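Working notes, beginning with the structure itself.
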Amino acid sequence: MVVLSYDTPRLGRGTSRSIDAHHSSTASSSYISPYMDSPFYLDPDKAPSAPAFVTDSTHVQPHAVEKVAYFFPKGVGEYHYGERHPMKPARLTLTNRLVLGYGLHERMECYSPRMATREELEWFHDSDFIDFLSKTTPTTPLSASFTRFNFADDCPVFDGMYDFCRSYAGASLAGARKLTSGTADIAINWSGGLHHAKKNEASGFCYVNDIVLGIQELLRYHPRVLYIDIDIHHGDGVQEAFYNNNRVLTVSFHKYGNDFFPCTGALTEIGVGLGKHFCLNVPLQDGIDDSSYVSLFKAVIEPCITSFRPESIVLQCGADSLGLDRLGCFNLSISAHGECVRFVKSFGLPLLVLGGGGYTIRNVARCWAYETSVLTNVSIPDTLPSTPYDAFFEPTHKLHEPLQAARVENQNTKANLEKIRIACLEQLRYLHGAPSVQMQEIPPDLAGWLETDQAAGKGNEEGFRTERADD
Ligand SMILES: [Zn+2]
């Protein structure tokens, strides 16, 4: 039995910097903007004699050396939802190859985590739902359960579906454990972030909600967890799971209106019961650009952190909010998307970074590789490293490409964005005096300590470690 009291906020661990004295550095003159008029693009190729690795000095880092753990489940990129389905797990292989090609694995501890156990999945999901997920194959005859659990066009039954879910969920749980054990400051799982899955229903290409599982693991040690979602779709599954909970503040930035999936995420959805005011939605319209998005993001997130005082943050980095996404309608550049990641990281709180949507897969891989460099404080060249997948990145072979070729008109007026900003700040006024939790007993986590080497063998070809529970 462990007795812990968490009354004192622990912001910016290891730093003497006050969070109030925050951020003005993005306007640094070292930023140049060759693409999309983005003030967030830094072109290391144009810096004279820039070596392959340049420690990013544009921001003062709160930690001397942040420990970053990277989780890539073996084989997770080889699953297939179906030929015409927009969700392509192969984007994870592309991402991983760029990360390795840039040498970023040398700046992180890399793990092939074990799959989540059924017991772990049932921390959130109903057992009859997991039962269906585990037993159904593409040859299973149709039954009422398909409708009941919403296995249809968006969420098809495909080969290996259950193992795919266990893989990405296992990686998010491993990342959360790495943070709560204090052995990493930042944990990355690009295969996770499947924010639409519900307790007993698949939804929006998501079957198991690894985010909810990861947050639940963090809540065993951290009294308050902040969830931030920058996918273009509303993070409805995570919101719903914690809607009456005042220990998780969920904040989602998304397109809202005109029947855009999943049709939730209005400004008026603020939580219920104990969770009232612990849910924030930032509904946006088509075509939002870099500077509007990033300035609104910072204006909302900074007071979330100062008011709610989370002990850790989970950041869902859905890349379908980029310009030119196959299913999206925003105009964000990779550098602006990454600036949101940089901003969240700069608070120095334990950070679980997850993937999510993203359907123009060459840009998803570019985005998440870039964000891995942001999280490891490395400035990487704009020319992509050579990988077996070079054809995906032709003809330019660049990391930062203009993503506004078929630019969607920005339908977000300044007045509207200001209205949203003020409404969010108004909401956050209720959070002063965030709930403190007397954590008198940490519930057992026997499953977390199982050492099940179902992942890669030791020292696979990419030098990844098999996850050890006692690591
Ligand atoms: Zn999405």
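Along the chain as shown, the residues are counted starting at 1.
Glycine too: its Cβ is placed from the backbone N, Cα and C atoms.
Those TrEMBL annotations? Automatic predictions, nothing curated.
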| task | From the candidates ASP153, ASP154, ASP259, give the one listed by TrEMBL for the same substrate site as GLY204, TYR359. | result | ASP154
| field | Matching residue for the divalent metal cation site, where TrEMBL names ASP231, HIS233 - out of ASP159, ASP163, ASP320 | value | ASP320
| Which whole-number value in Å describes the distance between the Cα atoms of HIS233 (divalent metal cation binding site) and TYR359 (substrate binding site)? | 12
| Quick one: which residues besides ASP154, GLY204, TYR359 have a Cβ within 8 Å of the substrate site's Cβ centroid, in sequence order? | PRO86, MET87, HIS196, PHE205, CYS206, HIS233, PHE261, LEU327, GLY357
| query | Taking only the recorded positions ASP154, HIS196, ASP231, HIS233, ASP320, which have a CB closer than 6 angstroms to any atom that belongs to ligand 1? | reply | ASP231, HIS233, ASP320
| field | GLY204 (substrate binding site) to HIS196 (active site, proton acceptor) - Cα separation in whole Å | value | 6
| query | For TYR359 (substrate binding site), what residues in its own chain, 6 or more apart in sequence, show a Cβ-Cβ distance under 8 Å? | reply | PRO86, MET87, LYS88, ASP320, ASP325, ARG326, LEU327, GLY328
